[in-house]
Amino acid sequence: MGRKKSCHVHNAPSDDDIMFSQDHKPKRIYQLWPGNNRFYCGGRLVFGPDASSLLLTTAMIGGPALTFCIRMVFLIGKRYPLFHSLILLGALLLTVLDFTFLFLTSSRDPGIIPRNKEAPEAEGLDMITQSSEWVNNKLGNTKIPRTKDILVNGYTVKVKFCDTCLLYRPPRASHCSICNNCVQRFDHHCPWVGQCIALRNYPYFICFISTSTLLCLYVFVFSWVSMLEVHGKMLLMVITNDLVFVVLILYCFVVVWFVGGLTVFHLYLICTNQTTYENFRYRYDKKENPYGKGLFKNLYELFFARIPPPMINFRDWAPEEPDEEVGSIASELDRTFGPRGDKYDMEMEIGGCKNSKVGLQLHTLEYDNNNSSEETVKKKGVSEETAAFYIPGIQEPANITRNSSIDVRSR
């Protein structure tokens, strides 16, 4: 007897299937992050939205430093080669350090706080005193207090609710309107580095502005020394014969007042354990500072304490978002059949109610194109009240209000 040959027909994927698979490729968190940050090297480098300002900062530092180094190279061949070689080496070292601290400040996660998808419920909040000012969350179903009071080192500190990130900001945290993130121990957003200055990059920022001040003073002093050494001590002859050193001296004299003043101001903030935001807003120099620990402990906390790891790993794979229809059905079932706090995930089959009849019924329910919705219900043994949430044609149960958020569509 001849054997029948079984032939399998393999259909080539259509363009719609290809586009669907491309759209549903897994993505990393940095690719879906709702903030305004710029990510490079696969999410390893986190810049602010105004990172282009780094070009101006680099030019303002590198231009004078490079000019000074080139001038020193010409002086090495004329007289005192060892002396000018040491000056050149010191200038190169300070310039490299300055750019290193600039890069570490601008490309580092400053301490971004993860966002919530839903606002906390007002009745579940543990607070000392409740604010009289209330705010609607994004769902518009409940109201929560805009502020709450917590204890920090024996002091009562008021923390605010962030309408964008849907969370109560931790103490000393604030929402940066430029980066659109809540940031830990927020100091300020620096336009010169194009990044928020906060918990995880503040030590590098201090090193950056301190090194910039030292570089300005270094170029200023040794430009004078080299100029007087080469051209003598007559000021008029010096100015007319070496305009390069004159321009460097004037430039560094102007810049050092700004960057040097900024360095002194932040050294004061470090000694008193304040941030720029707190200094301008709360004026802790005129009242008790709940974060002050004394001079030496404040210095130790900044320069020697371990920098905490980031709260978000932007290179992690982003969790797949459930379908909106499935999510609305699950939430409605949870509110109707399950006790408060019990949750069931229809896709992952996990939750606090693993043996729930609703979960088992949803798991075993299948749609049959050849049978009607009523036949499917009878076949699978699903009650009409349960089936009304996800099967068209079944009458809506009486205990569900008409303004339900469920969106049931015909399959």
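Glycine is no exception: its Cβ is also placed from the backbone N, Cα and C atoms.
The transmembrane segment feature in Swiss-Prot is assigned to 56-76 (among others); the stated evidence is sequence analysis.
Per Swiss-Prot, the feature transmembrane segment maps to 85-105 (among others); the stated evidence is sequence analysis. Residues of the same chain lying 6 or more positions beyond the ends of the transmembrane segment (85-105) and with a Cβ under 8 Å from any Cβ of it are 54, 57-58, 61-62, 65-66, 68-69, 72-73, 76, 190, 193, 195, 197, 201, 204-205, 207-208, 211-212, 214-215, 218-219, 222, 226.
Summarising the annotation, Swiss-Prot assigns domain 'DHHC' to 160-210 and lists sequence analysis as the type of evidence.
Feature annotation from Swiss-Prot assigns active site, S-palmitoyl cysteine intermediate to Cys190. Taking all protein chains in view, 22 other C-beta atoms sit within 10 angstroms of the C-beta of Cys190 (active site, S-palmitoyl cysteine intermediate).
Among the features that Swiss-Prot reports, transmembrane segment is placed at 205-225 (among others), with the record citing sequence analysis.
Feature annotation from Swiss-Prot assigns transmembrane segment to 245-265 (among others).
Feature annotation from Swiss-Prot assigns phosphoserine to Ser405.
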Indicate whether Cys190 (active site, S-palmitoyl cysteine intermediate) is helix, strand or coil by DSSP.
strand
Tally of helix, strand and coil residues over the domain 'DHHC' (160-210) according to DSSP?
9 helix, 17 strand, 25 coil
Tell me, what is the mean pLDDT of the domain 'DHHC' (160-210)?
96
